[in-house]
Amino acid sequence: MERIIGGKYKLGRKIGGGSFGEIFLATHVDTFEIVAVKIENSKTKHPQLLYEAKLYRILEGGSGIPRIKWFGVDGTENALVMDLLGPSLEDLFVYCGRKFSPKTVLMLADQMLTRIEFVHSKGYLHRDIKPDNFLMGLGRKANQVYLIDFGLAKRYRDANTNRHIPYRENKNLTGTARYASCNTHLGIEQSRRDDLESLGYVLLYFLRGSLPWQGLKAVDKKQKYDKICEKKISTPIEVLCKNHPVEFASYFHYCHTLTFDQRPDYGFLKRLFRDLFSREGYEFDYIFDWTIIKYQQAQKSRNQSQAVPGSSNPRAMPVDTSNHRGGPNISYEAEASERVRSANAIGPSPQINNNTAAGRTPGFDHPVHKNMNMPSTSLSPAGTSKRNVGPETSNSGYGSGNRTGWTSSFMSPEK
């Protein structure tokens with residue numbers, strides 16, 4: 001029997017789940033738009049969908065913030081209907097061999113900083129900055145970075161007085177241990193500086209391929225958190241950022257100079273990375289590492305199919321949109337190929353070369369989110385394999401165990 005959510009969304013297949021509940025594809029019965037539906041039992045011990053829906057309403061209209069289509073109670077469950085988005089940066093990181101080029105990291109960093117700044121401008125902290133919570137868009141918004149999962153978000157300004165929340169200590173760790181700030185590990189109340197420090201760890205994770213505190217053995221979660229804390233605090237910034245541009249060390253040093261209630265200079269941090277981008281001669285052409293890999297695979301697959309009829313490429317990108325299309329028949333493969341051809345004018349088998357001709361002006365003086373006003377193309381996510389979630393995943397601070405975002409079907413195991 002078909003299940004209709006909110007009177008107009010026909011529930012489809014399950015694409016993910018976690019301690020909060022489950023995530024499904026759904027189709028609008030009239031427009032056939034494909035959306036994502038997050039469902040939780042209304043009697044759950046720690047319901048979060050109502051709070052999350054409230055946050056999305058507050059952030060509504062911001063670039064890179066998913067739109068809420070509907071929220072309400074459906075029988076015995078709470079349901080949140082949202083824009084369907086593409087793969088997470090964690091998915092794409094794995095797809096690209098667990099390392100991103102500096103060019104890709106810098107293009108992502110600019111948008112990620114803008115997302116965090118926007119959330120802060122609305123008076124909230126995210127408190128769970130990690131690769132799994134940044135998703136790429138689909139179709140014409142495939143180059144736009146989205147920030148999701150506000151289940152752990154918290155106001156840092158009093159709604160009535162607009163005063164900053166008071167400094168506190170002895171707080172439980174809230175967020176994901178791998179990317180948590182040093183102060184968060186030490187039990188200090190989080191503020192804007194902590195979201196930014198977490199972003200720094202995400203960027204280094206992308207550049208390095210891993211962080212020094214991954215893979216630590218422990219008998220339980222507390223011991224693991226303690227070991228991560230000890231390793232993180234004892235690792236000098238210069239060691240963490242060794243063999244990478246000095247701007248990344250400067251980023252961390254700046255974060256560590258911020259006082260508890262100080263407003264970060266987001267523009268300074270973006271200029272730091274934009275100047276590096278310009279100095280390296282990169283062009284802001286939205287050709288990410290995965291764009292090139294997808295293009296190369298498309299070319300290889302095309303050549304193989306010409307040589308052997310019926311052959312196919314066994315390695316699927318997490319943004320494959322061959323199934324469950326809800327809008328125009330737009331192939332991500334063709335889209336990626338076109339971007340590579342038109343932007344770089346490169347040959348049929350491009351290599352990942354992130355340099356442009358000397359003196360070329362990068363595209364930072366143009367809006368980063370140049371596609372934000374274009375119509376969205378509703379496409380389905382690809383890989384929906386469930387993976388185990390390890391002890392470094394999000395912790396809400398009240399001991400409820402692991403908690404994942406609404407795209408948990410894309411989650412990779414913590415190491």
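Every residue number used here counts from 1 along the chain in the order it is shown.
Cβ coordinates come from backbone N, Cα and C, glycine included.
Predicted, not measured: the structure shown is a model, and the values here were computed from it.
According to Swiss-Prot, the features are:
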DOMAIN    9-277  domain 'Protein kinase'
BINDING   Ile15, Gly16, Gly17, Gly18, Ser19, Phe20, Gly21, Glu22, Ile23, Lys38  ATP binding site
ACT_SITE  Asp128  active site, proton acceptor
COMPBIAS  303-314  compositional bias 'Polar residues'
REGION    303-330  region 'Disordered'
REGION    344-415  region 'Disordered'
COMPBIAS  373-415  compositional bias 'Polar residues'
Local Cβ density at Gly21 (ATP binding site) - other Cβ atoms counted within 10 Å: 22
Relative to the Cβ position of Ile15 (ATP binding site), how many further Cβ atoms are located within 10 Å? 24
How far is it from Ile23 (ATP binding site) to Asp128 (active site, proton acceptor), counting Cα to Cα, in Å? 19
Near the Cβ of Ile23 (ATP binding site), how many other Cβ atoms are there if near means within 10 Å? 25
Tell me, roughly as an integer, the mean pLDDT over the domain 'Protein kinase' (9-277). 97
Residue pair the residue listed as 'active site, proton acceptor', Gly21 (ATP binding site) - Cα distance, angstrom, rounded: 18
Tell me which of the recorded positions Gly17, Asp128 sits in the most Cβ-dense spot, judged by other Cβ atoms within 10 Å. Asp128
